[in-house]
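J.: Annotations per Swiss-Prot:
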- Asp28, Glu30, Asp292, Asp382: divalent metal cation binding site (BINDING)
- Ser163: phosphoserine (MOD_RES)
- Ser167: phosphoserine (MOD_RES)
- 178-245: domain 'R3H' (DOMAIN)
- Lys220: N6-acetyllysine (MOD_RES)
- Lys326: site 'Interaction with poly(A)' (SITE)
- Lys499: N6-acetyllysine (MOD_RES)
- Ser530: phosphoserine (MOD_RES)
- Ser557: phosphoserine (MOD_RES)
- 563-611: region 'Disordered' (REGION)
- Ser583: phosphoserine (MOD_RES)
- Ser587: phosphoserine (MOD_RES)
- Ser619: phosphoserine (MOD_RES)
- Ser623: phosphoserine (MOD_RES)
- Ser628: phosphoserine (MOD_RES)
- Thr631: phosphothreonine (MOD_RES)
Amino acid sequence: MEIIRSNFKCNLHKVYQAIEEADFFAIDGEFSGISDGPSVSALTNGFDTPEERYQKLKKHSMDFLLFQFGLCTFKYDYTDSKYITKSFNFYVFPKPFNRSPPDVKFVCQSSSIDFLASQGFDFNKVFRNGIPYLNQEEERQLREQYDEKRSQANGAGALSYVSPNTSKCPVTIPEDQKKFIDQVVEKIEDLLQSEENKNLDLEPCTGFQRKLIYQTLSWKYPKGIHVETLETEKKERYIVISKVDEEERKRREQQKHAKEQEELNDAVGFSRVIHAIANSGKLVIGHNMLLDVMHTVHQFYCPLPADLSEFKEMTTCVFPRLLDTKLMASTQPFKDIINNTSLAELEKRLKETPFSPPKVESAEGFPSYDTASEQLHEAGYDAYITGLCFISMANYLGSFLSPPKIHVSARSKLIEPFFNKLFLMRVMDIPYLNLEGPDLQPKRDHVLHVTFPKEWKTSDLYQLFSAFGNIQISWIDDTSAFVSLSQPEQVKIAVNTSKYAESYRIQTYAEYVGRKQEEKQIKRKWTEDSWKEADSKRLNPQCIPYALQNHYYRNNSFTAPSTVGKRNLSPSQEEAGLEDGVSGEISDTELEQTDSCAEPLSEGRKKAKKLKRMKKELSPAVSISKNSPATLFEVPDTW
């Protein structure tokens, strides 16, 4: 079902009903772009840590707009052993509300827009008919503005507004506005004396003049009239004054208040759908869904927090249960029988043995999708086939039980190992971001960090490390990359061999991480200095500590290419006999648990968060024997 601004309100109850009835949901988003700076390959480096990947996406992807949101609800019919689906395709756009903030600024990426256009995407449905939305802070501010306007209109008679120059008006009226206000009062007196006229339309005026009119009339005519602001076709605002008795005045005030509340709800718009999904606490399915989740939280709840641990806490408060089908398909027992985990190819593979396509049917009044037509990159369709993929894989897990189970529900313990783990694209040794605990910390003692001239290509790096057999290269930027060797003991040899190189520099991954942490500490210490000290240092550059200057230039420069050129890193006999590097295990550290999301979340989400923690404390730990088939479905701690 296609939902735009014009039919959103009349179909909202259908959306709520579908969410309430569903066993689980599948979601998908389409964006105005992916990266505003680095290329996608640089944005997704193969040796990113989860924190680094989060920071990259937060910095380079959140200024784009999620402008199409697909939602497909799935409800299992036990009588006919089939799923009933309801698909929704929402077009979303941050339309400015009633001249009030926020006036959202966003960016577009030409390649993304061109791609969507080639897929038949209708951008008019976004920019002309998109459903508005507000995050929770924007909604709070807008409601406060309305309350303030009402208090100004209804409470102008307070003594604090009495002018020392007049005993007739409790408002201080500027000299240049007194004539204007006197003319308005005179017109109202004529209206009250007239037996024929019931209404008076004033000329369009400024917001400040309207405020003076409201305050003056509220004090001078506490009864007998009703004052309302309307708007012309040209978007000019004017005031209408009507003669009414007290009962009619109260009725109109109540009517006006109800209209304002309705306008506020309209401004909140699509965010109400996200709130309903979140408050349901049900399982939300996505495919490669990290970016979808980040945009959803950022756009419809609150800006993303500064660090990953806070993001994890916030996300699990909003969506208690998430499942990523790309991670699921990349994990045993699926990994060995699914070669391609892209959504389109995964959907095709799961129709073949040993899998069985699920039996599904669209609910009455909802259009059905034909997977043969492949309406890819329509968010509603992508959400639909994401749900189908989940059902097929979940049911396949049921075949390992004794006796086999044909239908595995969204509440089954078989799929719990996949909860709240989001697939990390193109990371070689950390397959997922763990929202409910510490992330994996793989040993990277076989990885080197290499800096080199910007003229170098991938072939130059392969030539440099040709003596070390198979290598993997992950570019960081134009002048640096990670190089993964096949054997950890080769790292020491490569570093020692390159000590006197002029055009490139090699360090171990541990050294690279250590220096980055040192730079962060220096930067943090610098920012914590007083403004006075910082200003004095700006005035006198010689005051900058020598150690800081030396550290910066030592870590951020290398000799330009010389006539010596590149050389092959062939190890000598002496270097080959050097002792191996230390291969100690990196211990896992517990992530800090914060309440950073408590304030921007609703009371319902706070309660859900509390119940989830209680459940963790009260639920007995379930131990599964290593010989049990269930161990096949554990998301591994190592990759």
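Glycine residues also receive a Cβ, built from the backbone N, Cα and C atoms like all the rest.
Keep in mind it's a predicted model, so treat the numbers as computed, not measured.
Give me the local environment of each listed feature.
T.: Asp382 (divalent metal cation binding site) falls within a helical segment according to DSSP. The Cβ of Asp382 (divalent metal cation binding site) has 26 neighbouring Cβ atoms from other residues within 10 Å, across all protein chains displayed.
In the three-state DSSP scheme, Lys220 (N6-acetyllysine) is classed as helix.
Long-range Cβ proximity for Lys326 (site 'Interaction with poly(A)'), meaning a same-chain Cβ under 8 A and a gap of 6 or more residues, is found for His287, Asn288, Met289, Thr341, Leu343, Leu346, Phe423.
Of all Cβ atoms in the protein chains displayed, 8 besides its own lie within 10 Å of the Cβ of Lys499 (N6-acetyllysine).
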J.: When you average the Cβ positions of Asp28, Glu30, Asp292, Asp382 for the divalent metal cation site, which other residues in that chain have a Cβ within 8 Å of that mean position?
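T.: Residues close to the divalent metal cation site, other than Asp28, Glu30, Asp292, Asp382: Ile27, Gly29, Gln68, Phe69, Gly70, Gly286, His287, Ala379, Ala383.
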J.: Of all the binding-site residues given, Asp28, Glu30, Asp292, which residue's CB has the most CB neighbours within 10 A?
T.: Asp28
J.: Across the domain 'R3H' (178-245), what does the pLDDT come to on average, as a whole number?
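T.: For the domain 'R3H' (178-245), the model's average pLDDT rounds to 87.
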J.: Please report the distance from the Cα of Glu30 (divalent metal cation binding site) to the Cα of Lys499 (N6-acetyllysine), rounded to the nearest angstrom.
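T.: The separation of the Cα atoms works out to 48 Å.
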J.: Validating a neighbour-count step here. Other CB atoms within 10 A of the CB of Lys220 (N6-acetyllysine): how many?
T.: 18
J.: How many of the residues that make up the domain 'R3H' (178-245) does DSSP mark as helix, as strand and as coil?
T.: 30 helix, 17 strand, 21 coil
